[in-house]
Amino acid sequence: MAKLTSMILFTGMRRLNSSFTLNYSTTRSNLSDWIPNEQNISSGIIIQSVFLALVIIVGVVANSLVCLVIYKRRNLHTVLYSFLVSLSVSDLLHSALKMPTTMLSTLHIRWYPHPSFCYITTPFGVLFGAATVFNLCAVALNQYFIILKPLLYPMVMTARHARYVIAGLWAGSIVISLPPIFWRSADTICKSGAVSNDNYLSEVLYLSALWTFVVIIPTVVMGISYTKIFLEARRQIFKMREGTQLNGELRASHTRRKEFRAAALLALVGGIFILCWLPFFVVQTLHKFSAANIAPFYFRLFLCVMYSKSAINPLLYTALNKELRKALIQYLGLQKKISHDSKARVLNTRMSNLKNGLNQHESLL
């Protein structure tokens, strides 16, 4: 009986010990998913991660400021700035929600506690990218109607219509970003850029739809709109040089020049978006659906270029838009400081001139 009891206790201790060892090793394995493997982290990955961290900070801060400034300044509550707010929101959400997960994945850190989180975050890249390009298209069409159809514009694009357009383009962005989560498995969904081999036809059709609705059609729409705008600007310049405008037309041309400058700025933003997104889109397509062997360096390079547009956009149209830049300076409380410094410089200049005058007078005496 004593031997039987001791054998049972010994067997139980062995099972407990083996169970403890298994749980301990499993825990270590799970913990290792959250800790970056130093052997797999190259200098290129570190540089990419630092760059993405800077883009995240600049993108979140700059886009938040743009939204706050436009919200606070009632004179900026126009249709054009409504689209700019929507554009800033897409860049802000891209910086805050998508880029951090990409940065952690780059460092080989398993950021998600469960694969179900990937089904939520995977559509973010397409969602916010599509929202950005749809907003840029809406802005291009808005400027087109302002400049080429000024009499029709008040009826076509009211504040209510602008809200409907913004809601529609965000709904379209959501619809176009969701399909992959319905066929990609849990093993595939958390791998960035992975393609479900079991649903290869669905992947090809989906990528074709992205190329059509997110790249080709928006590029054509923006290209045609801004080409016609600049042709109209050229015609107006020739008309002004010929001196055929009356006083009323001169006043209207001043407003028209302001719209032309805004169109030029927004065309620049649209062009930068295409330049930032197109290279990564091409490389990703070749990697997924061709036998081309793309070096990891190009993935890292074009990924950084693509993500940088979320930080470039607010800096660009704040620096080049005088109205928005002035509102931002006033919002940050820098207007008083700037005016105080300018007054101090004027006072110092006058005092210096006065001293020079007194010195010259004394020399004459």
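Any Cβ shown, glycine's included, is placed from N, Cα and C.
Bear in mind that TrEMBL entries carry predicted annotations, made automatically and left uncurated.
For 45-71 (among others), the entry in TrEMBL reads transmembrane segment.
In the predicted model, residues of the domain 'G-protein coupled receptors family 1 profile' (62-317) average a pLDDT of 83. Residues or ranges marked as domain 'G-protein coupled receptors family 1 profile' in TrEMBL: 62-317.
Residues or ranges marked as transmembrane segment by TrEMBL: 78-97 (among others).
Per TrEMBL, transmembrane segment is recorded for 117-141 (among others).
Long-range contacts of the transmembrane segment (162-184) within its own chain (CB-CB distance under 8 A, at least 6 residues past either end) are made by residues 79, 82-83, 86, 119, 122-128, 130-131, 134-135, 137-138, 142, 194, 196, 198-199, 202-203, 206, 209-210, 213-214. Positions annotated as transmembrane segment by TrEMBL: 162-184 (among others).
Tertiary proximity for the transmembrane segment (204-231) is limited to same-chain residues at least six positions away from its ends with a CB under 8 Å from its CB atoms, namely 126, 129-130, 133-134, 136-137, 140-141, 143-144, 147-148, 176, 179-180, 260, 263-264, 267, 270, 274, 277-278, 281, 285, 288-289. The transmembrane segment annotation in TrEMBL covers 204-231 (among others).
Beyond the ends of the transmembrane segment (260-282), by six or more residues, the same chain brings 80, 129, 132-133, 136, 139-140, 143, 147, 210-211, 215, 219, 222, 226, 229-230, 233, 236, 299, 302-303, 305-306, 308-309, 312-313, 316-317, 320-321 to within a C-beta distance below 8 angstroms of the stretch. According to TrEMBL, the feature transmembrane segment maps to 260-282 (among others).
The feature transmembrane segment is assigned by TrEMBL to 297-320 (among others).
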